[in-house]
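Feature annotation from Swiss-Prot assigns active site, nucleophile to CYS81. Under the heading active site, Swiss-Prot lists HIS176, GLU178, citing sequence analysis as support. Taken from Swiss-Prot, the feature ATP binding site covers SER230, GLY231, GLY232, VAL233, ASP234, SER235, SER236. Per Swiss-Prot, the feature domain 'Glutamine amidotransferase type-1' maps to 4-202. Residues annotated as domain 'GMPS ATP-PPase' in Swiss-Prot: 203-395.
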Amino acid sequence: MHDKILILDFGSQVTQLIARRVREAHVYCEIHPNDVSDEFVREFAPKAVILSGSHASTYEDHQLRAPQAVWDLGVPVLGICYGMQTMAVQLGGKVEWSDHREFGYAEMRAHGHTRLLDGIEDFTTAEGHGMLKVWMSHGDKVAELPPGFALMASTPSCPIAGMADEARGYYAVQFHPEVTHTVKGRQIIERFVLQIAGAKPDWIMSNHIEEAVAKIREQVGDEEVILGLSGGVDSSVAAALIHRAIGDQLTCVFVDHGLLRLNEGKMVLDMFEGRLHAKVVHVDASEQFLGHLTGVTDPEAKRKIIGREFVEVFQAEAQKLSKAKWLAQGTIYPDVVESGGTKTKKATTIKSHHNVGGLPETLGLKLLEPLRDLFKDEVRELGVALGLPPEMVYRHPFPGPGLGVRILGEVKREYADLLRRADAIFIEELRGTTATAQDAAAGLCGEADVGKTWYDLTSQAFAVFLPVKSVGVMGDGRTYDYVTSLRAVQTTDFMTAHWAHLPYALLGRASNRIINEVRGINRVVYDISGKPPATIEWE
């Protein structure tokens, strides 16, 4: 029986990141709405409780509160951002509007040598004060500590940036330790979960396989399952896991929607029919997809259309299988989060994912999502534990809508052909270039990264087609052709990301090759936007 951490979600877009950090400490956790009943909290029997952030304010008429049972259990509690504010209000403190809102990077001073922050610092001031580099996102602030609490941290704009009641094991921070921008955030959460809560670190993917297989068998019984196979990491691992559970009851449906990467169809069929010996049905539906996308420019509309057409194709294939009752998908946590689909339904929608946004209520198949509660690196760990080859497991993620969300505006076959060739060149250059000692000296990578390919050093890389033309010169002639943008990011969780600082020589080779080898493109740019404020995909 795993020790469990209960994460109460107040509607933050990054609540799942809290879960990711807890799981990185190999401790099992679950996310549930903040308004669960006292009985639920008691029956859950958590080793500790974490209160998430929120876009809401403690001043709103319908204030979000933690159940009273949280304070009656006698277990450690960690409040984050809004979670700190509701802890303060519920336990007798005071919260007020802040004249100096904080959104972004801040330097925070630790006070009092509490168990949570003791010995954790990024640098020390001349006066000897330990300082932390943190990420803030708040408009309200705690103005008065609740009884029994002591000051734990502060910033110039937020005098009470952290508070602690060590006797009861209550800790709260105004910053977000779950995001990668908080340098020591992972260490802080591990400290809370492992040392303060005393949870056992026994949550590992090799153990998860047995539980997941048993759950799939219980759900499916003797019914048949169809799965949309894209060749990406998520659908591949989902297919392997389901195949492990029910064997030939699974039929993989590979749909060529005309928006795949270069030579992807052949690679997918060779991989799954040849290596996994799974049943694969190949459906060429490119005319169907591209036809419905004609004239459509809105990103959400494109995603919904692609999702809808996937469902229609799957339904058509399901009718050919007498026992097909289930549609399996490789949906993972970030898909659900970016669709505003947390269990509370309070998160603000950023974009809909094809796996969750395009399914009509009248879908004739039941939905099987065995990876829904896992993050990307957990999915990769699961794939390795299932025996999948590294080239499959560590391939960069590819969106379900394919190149449809990497072509800005209207999708045309001409645009897709140009983009897939440009994308292939960029990926080829990343795979063929290794990091050097000079790259490390320039701060582009760490010393331990020397010798690794830049493909392995980036988490996701791709080209984007821009439907605008620019003037160029080739030979003695004037050109007027399209523009493509290269995008490469580094991230541990895909919830936040930094743009990859690639060597100029690599970018130069990729640009020169694209312009010379892809007729129709005469300008290449590089995207240096982080997430936030930008998303990883352009649409």
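Glycine is treated like the rest: Cβ placed from N, Cα and C.
Between the alpha carbons (Cα) of SER236 (ATP binding site) and HIS176 (active site) lies a span of roughly 33 Å. Taking CA atoms as the reference points, the residue listed as 'active site, nucleophile' and ASP234 (ATP binding site) are 32 Å apart. When secondary structure is read from DSSP and collapsed to three states, VAL233 (ATP binding site) falls in the helix class. Of the candidate binding-site residues, SER230, GLY231, GLY232, ASP234, SER235, the one lying closest to GLU178 (active site) when CA atoms are compared is ASP234.
Among the listed binding-site residues, namely SER230, SER236, the Cβ with the most fellow Cβ atoms inside 10 Å is that of SER236. Across the fold, the C-alpha of GLY231 (ATP binding site) and the C-alpha of HIS176 (active site) stand 35 Å from each other. Shown in sequence order, LEU229, VAL237, ALA238, GLY330, ARG395, PRO397, PHE398 are the same-chain residues outside SER230, GLY231, GLY232, VAL233, ASP234, SER235, SER236 whose Cβ sits within 8 Å of the Cβ centre of the ATP site. Each residue contributes its Cα atom, and for ASP234 (ATP binding site) and HIS176 (active site) those atoms are 28 Å apart. Distance from the CA of HIS176 (active site) to the CA of VAL233 (ATP binding site) is 29 Å. Within 10 Å of the C-beta of CYS81 (active site, nucleophile) there are 26 other C-beta atoms, taking all protein chains into account.
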